[in-house]
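Annotations per TrEMBL:
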type: TRANSMEM; residues: 6-31; note: transmembrane segment
type: DOMAIN; residues: 20-260; note: domain 'G-protein coupled receptors family 1 profile'
type: TRANSMEM; residues: 38-65; note: transmembrane segment
type: TRANSMEM; residues: 71-95; note: transmembrane segment
type: TRANSMEM; residues: 116-138; note: transmembrane segment
type: TRANSMEM; residues: 158-177; note: transmembrane segment
type: TRANSMEM; residues: 209-228; note: transmembrane segment
type: TRANSMEM; residues: 240-262; note: transmembrane segment
Amino acid sequence: LALNPWDVVLCISGTIISCENAIVVVVVFYTPAFRAPMFLLIGSLATADLLAGLGLILHFAFVYFVPSEAVSLLTVGLLVTSFTASVSSLLTITIDRYLSLYNALTYYSERTVTRTYIMLILTWGASICYGLLPVMGWNCLKEPSACSIVKPLTKNHLIILSVSFFTVFAVMLQLYVQICRIVCRHAHQIAVQRHFLASSHYVTTRKGIATLAVILGTFASCWLPFAVYGLLGDYSSPALYTYATLLPATYNSMLNPVIYAFRNQEIQKVLWPVCCGCFSTLPFRSRSPSDV
């Protein structure tokens, strides 16, 4: 089988994704201080992206070294599960951020912890179900004309995944608009109470809006091309377009650790000693909600 340069790029992308998110998983799950809901959700996101990176590596290895239809179904199922869990984890983080601002007084109750575990169970349960569909028989190996742009996923399967993405994106957009309104209102109230200058209120508001724009802009620019092409393309579409839209989607898993983990100041406090080779758990217990 001739080596496809696009597959090599995807494998390299998967390697970078795996390394980045492995660091986040180790820091979050092996630091006792990180047991607050927001860190559990960040850990879930990092785990999903780690599996996505490993799935890209395994897919490359099996396609070129152990070609098999059964193995292909397993690797594609892993990729579907991991990428679905990644997108769903982004939604749960958005919900958590919204509730931490909307219900600030009750956010630190036990109900928040219970709600977080419920969201994690639903996220991974739905993702595993999506990933098992090709393995359980919903594939196009026996009927090539039913294939989507990603073989062996059927056209109907990919349409469901694409529609699910658009639904998640719409909900995230609506929630972040509400978050932006709450942040602007809080910043204005603080400015009035403390007699801050209008310019200070403007800077705070602009910073919050810029952060939300980066989060939504990154998510949309990475996944929208593939989701749209998944609806429009089919088995006869050029493979070049599939690779050209799938590669940016993998970049979302590469950027997630930077946006959601490495920017977090409390994770940075633990990460720096790890990078210096002197791992130690700092004696703090974080209960703060996610940064906007």
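Cβ from N, Cα, C; glycine included.
Automatic, uncurated: that is what TrEMBL annotation is.
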With the transmembrane segment (116-138) as the reference, which stretch in 6-31, 71-95, 209-228 has the largest tally of C-beta pairs below 8 Å?
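When the Cβ pairs under 8 Å are tallied, 71-95 comes out ahead.
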I need to check the long-range neighbours of the transmembrane segment (6-31): which residues 6 or more away from its ends have a CB within less than 8 Å of a CB in the stretch?
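Distal contacts: 39-40, 42-43, 46-47, 49-50, 52-57, 59-60, 63-64, 239-240, 243, 246-247, 250-251, 253-254, 256-258, 261-262, 267, 270-271, 274, 281.
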Should anything in the same chain at least six residues away from the transmembrane segment (240-262) have a Cβ under 8 Å from its Cβ atoms, list it; otherwise answer none.
6, 9-10, 13-14, 16-17, 20-21, 23-24, 27-28, 42, 45-46, 48-49, 52-53, 56, 83, 86, 90, 93, 149-150, 214-215, 218-219, 221-223, 225-226, 228-229, 233, 268, 271
Against which stretches of its own chain does the transmembrane segment (71-95) lie, if we need a Cβ under 8 Å and a gap of at least six residues from its ends?
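That would be 38, 41-42, 44-45, 47-49, 51-52, 54-56, 58-59, 62-63, 116, 119-120, 123-124, 126-128, 130-135, 139, 141, 150, 152-153, 161, 164-165, 168, 171-172, 175-176, 219, 223, 249, 252-253, 256, 260, 290.
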